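All remarks here apply to the structure that follows.
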Amino acid sequence: MPAYRSRTTTHGRNMAGARGLWRATGMKDADFGKPIIAVVNSFTQFVPGHVHLKDLGQLVAREIEQAGGVAKEFNTIAVDDGIAMGHDGMLYSLPSRELIADSVEYMANAHCADGLVCISNCDKITPGMLMAALRLNIPAVFVSGGPMEAGKVKLQGKTKAVDLIDAMVAAADSKVSDEDVKVIERSACPTCGSCSGMFTANSMNCLTEALGLALPGNGSVVATHADRKRLFVEAGHTIVDLVRRYYEQDDASVLPRNVANFKAFENAMTLDIAMGGSTNTVLHLLAAAHEGQVAFTMKDIDRLSRRVPVLCKVAPSVADVHVEDVHRAGGIMGILGELDRAGLIDTSVSTVHAPTMADALERWDIKRSKSEAVRTFYRASPGGIPTQVAFSQERRYDELDADREKGVVRDLEHAFSKDGGLAVLYGNLAQDGCIVKTAGVDASILKFSGPARVFESQDAAVEGILGGKVVAGEVVVIIYEGPRGGPGMQEMLYPTSYLKSMGLGKACALVTDGRFSGGSSGLSIGHLSPEAAEGGNIGLVRTGDLIAIDIPNRSITLEVSDEELAKRRASEEAKGDAAWQATGRKRNVSTALQAYAALTTSAARGAVREVKRRSN
């Protein structure tokens, strides 16, 4: 029987000092026999997805204590990728994932916590906490702050749903008036919550449902709706039950590595492909699998991408569908239900809220559930009132979207595409692979060939696109923006948005060793591995070189002879210490970022750190 970790600090004569300190936090004699649960919050006023979380940690804490545990809350950092976008602030986004994972490990291990409730929401926070939970392998439950409501704007007599990406594209489009830009800007992000499309934050919160570590609705019910409060309440009770099952009943099945096992990672990636999730999820799932010692790799993602269809299309892949609409269609359990009927997922895996995924779907899939409460839950709708307050409205749709032929979520027979929403491409330009969000690529450019236009930074690419240096038919190549070369592997949301605003969204491709925001769409191919800073062939591309992209056949080819590439490589390596570095940019790289660059690995491995372990 495993011993409660917390008893290291709460039991025994020699722990009198530690108990004295625990007492100073409010603990009483009776509390020293209870499990201590870490409530990992990520409240900050910098991020709309986290601005409403301040009191929610204490909501969970109260429920933990009512269920017989002791709750102790702490905070992690949280970076807003949208605010950090387009300047050197984006260098810090991906590295913050490692800091978040480390901070959770430090706090949980330093204080010997018995379990975790992870309150996350935005882009790197959910992945960082997921990595920590799998690294620590103590009972854990995830609950997110929830999606933002989509904005509504009336232009030219028509009302349309808008989001952050619409504001960015409109601002860069000279044909849109200043007044219209201002109207869109003021409407794009109306409430607290993670940005309203199937961007990285919402994608990851959806995937925690598929991994079995979060409660149904975690990824889809909007932050403002009263129904989301139930998730926080249930998380508090659920974690105490899981902790007792592990420490008192020796039930190791509840541990994160046994819940989020290889089959669960396959399920999560299958969901991601079916809903056209953010390409960043590939990076984060690989990193989480690494922490959980799960042998899940790019090869598995490639294999799954070849057999999973697109059953759901959400912004930015389509303009008028947001995560709130997915919730009305049955949420993530609705999509998983269709994948189950198609024989594409393994429902024998366990979850933190049901013995198996099959049991969970029996209750939560609206196409099979007999529960009126479940159907009512999935009718939770946006309130339509700007607010930063969680659980502030109780509006509901009159009816569910259960149409699997033409609705937001489709069945296999009526799939948007038989080919999946994400694909892994290989070739001499990406020997270890690269990622494209096929759900956001127009069918007319699934095969594309054109001359390269090379830039050594995102900033230079933006200047080139807006300055008219990029023309239709070209492949924009942005190099030295990978995990090590950036460092930090910046998101390229501005270049993709500006290609759209310049009328080149369907006329150009963009290829980079950096990554893309979940808000990016178009023929945007990222994560090229090996990256330029590691000596990858992408660092040998020259303006004018022909690049051929063939998504149906999963290939990306630099049409330059092996002999010429060898000459270029020899010339580069002759530079010695100055080799494989950007020469045409000035960038202030802090000590913190230099430390990250020294330890990080390629995108094909999730950009995890590689540290030589000392033998003790």
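Each Cβ is built from the backbone N, Cα and C atoms, and glycine gets one as well.
Swiss-Prot has this to say about the protein:
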ACT_SITE  SER517  active site, proton acceptor
BINDING   ASP81, ASP123, LYS124, GLU491  Mg(2+) binding site
BINDING   CYS122, CYS195  [2Fe-2S] cluster binding site
MOD_RES   LYS124  N6-carboxylysine
Other CB atoms, at most 10 A from the CB of CYS122 ([2Fe-2S] cluster binding site): 28
Surrounding CB atoms that lie within 10 Å of the CB of GLU491 (Mg(2+) binding site), all protein chains: 32
In three-state DSSP terms, the structure that ASP81 (Mg(2+) binding site) belongs to: helix
Residues within 8 Å of the ASP81, ASP123, LYS124, GLU491 Cβ centre (excluding the Mg(2+) site residues themselves): VAL79, ALA84, MET90, SER93, LEU94, CYS122, THR200, ALA201, ASN280, SER517
Other CB atoms, at most 10 A from the CB of LYS124 (Mg(2+) binding site): 28
Set of same-chain residues at least 6 away whose C-beta sits under 8 angstroms from the residue listed as 'active site, proton acceptor': ASP81, MET85, PHE199, THR200, SER278, ASN280, GLU491, MET492, LEU493, THR496
Spatial neighbours of ASP123 (Mg(2+) binding site) that are distant in sequence (at least 6 apart) but have CB under 8 A: VAL79, ASP81, SER93, PHE199, THR200, ALA201, MET204, ASN280, GLY518
Rounded Cα separation (Å) that holds between CYS195 ([2Fe-2S] cluster binding site) and LYS124 (Mg(2+) binding site): 14
